[in-house]
Amino acid sequence: MRRRRNYGIPIYGLLVLGLLAPASLSPKRALEKLGKWTNQAVSAVGRTVLRSEEMNVAGLSGVEPDGATGGLSALALGVVGNAALVALLFRSVERLRRNHPLHEGNLLRETWVPWGSQEMLAQKWGWLRAAMSLNTDDVEAAAGLDAAMMVEFADLSMQVLSIIGLPLICILCPLHFFCGGSIDQDDPLSWIGMANVESGSWLCWVHSGIVWFVVIVVQHSLKRAQASFVGRRVQWLRRMPPPRCKTILVEHIPPEHCSDSGLIAYFNSVFGREVVETAHVTRNTRGLRWHLSMVRRAEEQLEEATEKFEETGERPRAFFPQSPCRPATADHIMLESPVSGEVCDVIEHWAQELQTERSALHDERWRLGLCGAGEPDFASGAYTTNGFVTFLQRRDAEIALRMQYRAHGLQFVVSPPPAPEDVRFEDLQKREMGFGDFLLGYSCILFLFWAFAPFIVAFSAVARLETLQTIMPSLHVVVILWPVTRAIWDGLASAFALGLFMSLLPNWLMFICEWLFVMKSGRQLQLQLQTWYFYFLVVFVLMVTAIGSSLFYTLSRLVEHPAKIFSLLANTLPYSTHFYLSYFPLQWSVYAMEATRYTVVVKYFALKALWGAERAKEACEPEDQANYGIGARSARMALLLVMALLFCSLSPLICVLGFICFFVCRVTYAYLLVYSETPKADTGGTFWCAQLNHVQQGLFIYVLLMTGVLLDKSDSLGPPLITFACGVALMKSYLHFRRRRILVSIWLYWARLVHFFCHYITLIGVLVGNFCRIAVLHGIVWRNVPITRC
């Protein structure tokens, strides 16, 4: 049983003390303070190891400016090399699927696979043909709606990039080359990009129209895809089996209704008739699980002692330390050992322990009301504040999901239930989410954002060849003989530092969300991971050149001067387009390597030598859900589409590279989800909705970037104003896509504010009117009173 709250109070105390100083400041001052601490940490590492205080996170992460990346030759070498590597990896998939039991395992399990798969997969390169022939309906029938929409997102990305890429390459690239007016560059790759457009060129007006074209195409494609998804979602809801389709999850139940019968009576009273079939409030089974584990341990020890007695014919004896619950006597003190205890018969000891634990287990079951003892009391700690209510009819369950049962809305919080096999009952057994866990969770995520720059600097500093020479002086001879090894090694060390941190980041985020947040199901944990992982990738992969050495210091500058965001983006991102062009071919190899399931294969062969084939196969499934779960995969796919859209106007060639990347991604995931990986619990498309939301948020960055670029290159305010107007239209479309929840809340806020001021002004008017009326009447009466002498 996990015990995680024993050490929470000291951690919370240190956390509050650490956050007390910036929390007492304004948001701007707090951001400046955090940014100053980050710069001090980065500078300290630079002075200590690298002997330089000028540290740039982009440079240490491997993001280099366009002049240092090699241009067209480096891109061609990357495309050819990664294409050859993809071919070799696909060839290894062809070999592994015939010899390794973890490939195409769904053909052996009792899962549905598309018709004709057996015959197609038996042929040479049949897996590739089968993956390419799969459509969304086949993936949905085999692996669920979540998996189908992840494959559909790859199709959507290819469709968007093909629609916007064809006119951009055929029209915009020739315009950049012939009409740019700035051919004073040595790199041919820059001749067809925005870098070739000189200041004051009429092409700025063309780019303002291109921004509208890209935004309209993307928004129209997203709306059409969402409309198609809604139809699939409706069919998924109709196919939902009972009792899940008639059940709701109720959280934060008040103590007076926190029992099975109390919950049934409450919902029947709300509807005014008998509508509830069953209700189950989650019980606190921590003590029950503890006693059950002790019973199993005693049974195993007793069985082992009995087998030993049958083999040797002698009853085994051993020394058992004195239990803390029983006082030690003088006879139990051993002179040769400081631990008090006694030597007794092993069989008798574990038989007595087994009887004691079984009695304690029965008492715990009686306390929880699991053995016919009646319903327990909420004050005894048997019940938690969460439960499941199953209705007689599905119509009543749908009505119950759309009701608000308390005025403040913090009690009787209802939601659709997760899949039965995906419920995290340990989190549901908490009576309520502790504020300390909540605060510590968000503080740990904030710490990850803060510590990225010092971590990259420290790791890169340790891995640099200059630092390794102090540990291994013999490397100095290698550097003298081959000076090129220094640049090659330092470049590889920086890339390795970034790759290592990015590979460990999903595990850290999952650990934080799993232990410090209340996650009702494993899929909700994946959704939380997807959200935070995407934002982290956007900040430190896509926007790493703009943040400098500290994210919080950059935010503090933007809070003080919000208009600087245009110049910040325009002065950094357009000068690193070659790096992101080379980033996509690298992702071809990453997705092709994921198709081989190399991590599962290595783990299988390592465990096979220790445990055997069958047990090793069971231990390898499912795969690592931090790096290869649907949350991390969805975040990486959304980042790739946002990256392609962000640089499509600056370098239109990125649309072709992105199209190939999503094609490899589509083939890989279609094969893995349908034929290889075990089916997972299905939420009905929540990850798809999060992906579309992230893509739309990326469009805002694209509009801000192009507005800043046009402000820098245009000789008038016309093109940037047209581009910025596209952002206003995008905001309206984005709010409409989100069903106007934010807009409605804003209008309600302003309506209430106006209503308050109207009442206030009316009250002031009434008071002033009454005062004037009294004053006038008092004057009239005073003038009409006759003056008499005393």
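Glycine residues also receive a Cβ, built from the backbone N, Cα and C atoms like all the rest.
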Problem set entry | Per TrEMBL, the range holding coiled coil, considering 92-119, 288-315 | 288-315
Seminar exercise, completed: Over the domain 'CSC1/OSCA1-like cytosolic' (246-423) the mean pLDDT stands at 82
Exercise. Could you count the residues of the domain 'CSC1/OSCA1-like N-terminal transmembrane' (122-219) that DSSP puts in helix, in strand and in coil?
Worked result: 76 helix, 2 strand, 20 coil
For this session: Determine which residues of the chain contact the transmembrane segment (639-672) at the Cβ level, with the cut-off under 8 Å and only residues 6 or more beyond its ends counted.
Result: 79, 86, 93, 127-128, 130-132, 134, 139, 147, 150-151, 154-155, 157-158, 160-162, 164-165, 168-169, 172-173, 189, 192-195, 207, 210-211, 214, 218, 534, 537-538, 541-542, 573-574, 577-578, 580-581, 583-585, 587-588, 591-592, 594-595, 597, 633, 694-695, 698-699, 701-702, 705-706, 709
